[in-house]
Amino acid sequence: MESQSRTSPPETPKRSPFTGIFHKLKTNLVFRSKLAEINGAMGDLGTYIPIVLALTLAKDLDLGTTLIFTGIYNFITGAVYGVPMPVQPMKSIAAVAISSTAEEFGIPEIMAAGICTGGILFVLGVSGLMQFVFNVIPLSVVRGIQLSQGLAFAMSAVKYIRKEQNFSKSKSVGDRPWLGLDGLVLALVCVLFIVLVNGDGEQEQEEEEERDGSRRRRVSIRKVVSNVPSALLIFLLGVVLAFIRKPSIVHEIKFGPSKIKLVRMNKEAWKNGFLKGTIPQLPLSVLNSVVAVCKLSYDLFPEKKFSATSVSMTVGLMNMVGCWFGAMPTCHGAGGLAGQYKFGGRSGGCVALLGVAKLVLGLVLGSSLVGIMDKFPVGVLGALLLFAGIELAMAARDMNTKGDAFVMLVCTAVSLGSNAAIGFVAGIVLYVVLWMRNYGRVRTTNLPVQVDQHP
């Protein structure tokens, strides 16, 4: 009787598996702040535009197809990860292509290199080897790679600001004039404007300052200034100046997407693509596109959980699909993530919006955008790239011990002097040597009494 008198608990309704997926997508794509997210979407253009423009002018890359595919990549990665995960060109492959003739390393070789790199990264992800690599690499070595990449971006930005550029030949062609629509004064004004609006990038603690009316007014003015979309305004200024520099661009615009076609790659293209493109690109992709991106994401967004395995697989899939149709080889990058975060990107909606914009431009204007990009003020791009590089380099500020800083700085110096792969090896060797040297040594820092550790 007692068991019959008990009321059975209400049955919980069964949730559809799609409910959780839709909830995650909604959470990942929601804007934290509309204006800031739009501004953050511009933070990666300082690296994206120069390389895409150089490949388009020097190697006849299909800009319309590249915009369509990279737009799709942006939207998918934003929806999957929920952070401003960037989609950037593979820089080593681009550098080899720009410095070679079309016969030596043309579009077929570029695409073969992208497919091979993507395939290897996908296998590393599926097998779990990428997660193992991520777990065993010392943080000081990762910080060294991030610092070197950030400083390299910053130095390239200074070169863009000071010197006129020929992107089709990847070289400087003389000092930039002080005045003009792409002059040194314009670039410096853009730099100062970003500093004025964004400051050093730290979130200000305003609660303690709101004690009286005058301080509240100062805080209010500061909040208004900090909410100005600096990167967006600078990008729009560059577009307007591009049309002023060459008004005939209007007549060169043709509506409609590029014709997407399959790239034919013969045996020689596969061979040269792998040897000249994949081999130098692979270490950079593993370190900067996967390991450094995951480390930086954990620093900036500790509440977001995703693995090096998934990041490696998305980079692999992007290139295993898009490169067959002539889309530029792409990867994620710590510099792009730092740049978008610097200018306000806080969610996947930031890069998803950028992806939609690329997709619309690729479908509506196609390759006719080359004329606009060719006249876009390079000094303005340098201003955006400068702060993206500085933000990435700032990730190294958490190396508090002398040993960690020593490993990081040696890794940085070797990377800047040679390349990231050699810098990584130098950092690992140095870390192991120091570990062996200090093995078994008694640490006295936790003793209650201060002990002099010097002889």
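Along the chain as shown, residues are numbered 1 onward.
Here the Cβ of each residue, glycine as well, is placed from N, Cα and C on the backbone.
Here TrEMBL flags 63-83, 110-134, 178-197, 224-244, 350-370, 376-394, 406-434 as transmembrane segment.
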Stretch with greatest number of CB pairs under 8 Å, the transmembrane segment (178-197) reference, 63-83, 350-370, 376-394 candidates: 376-394
Long-range environment of the transmembrane segment (63-83) - Cβ separation under 8 angstroms, sequence gap at least 6: 24-25, 27-29, 52, 56, 257-258, 260, 297, 300-301, 304, 306, 310, 314, 318, 321-322, 325-328, 330, 332, 337, 346-352, 354-363, 365-367, 369-370, 373
For the transmembrane segment (376-394), distant same-chain residues with Cβ under 8 A (at least six beyond the ends): 42-47, 49-50, 146-147, 149-161, 164-165, 176, 181-184, 186-187, 190-191, 194, 198, 201, 231, 234-235, 237-239, 241-242, 245, 296, 334-339, 341-343
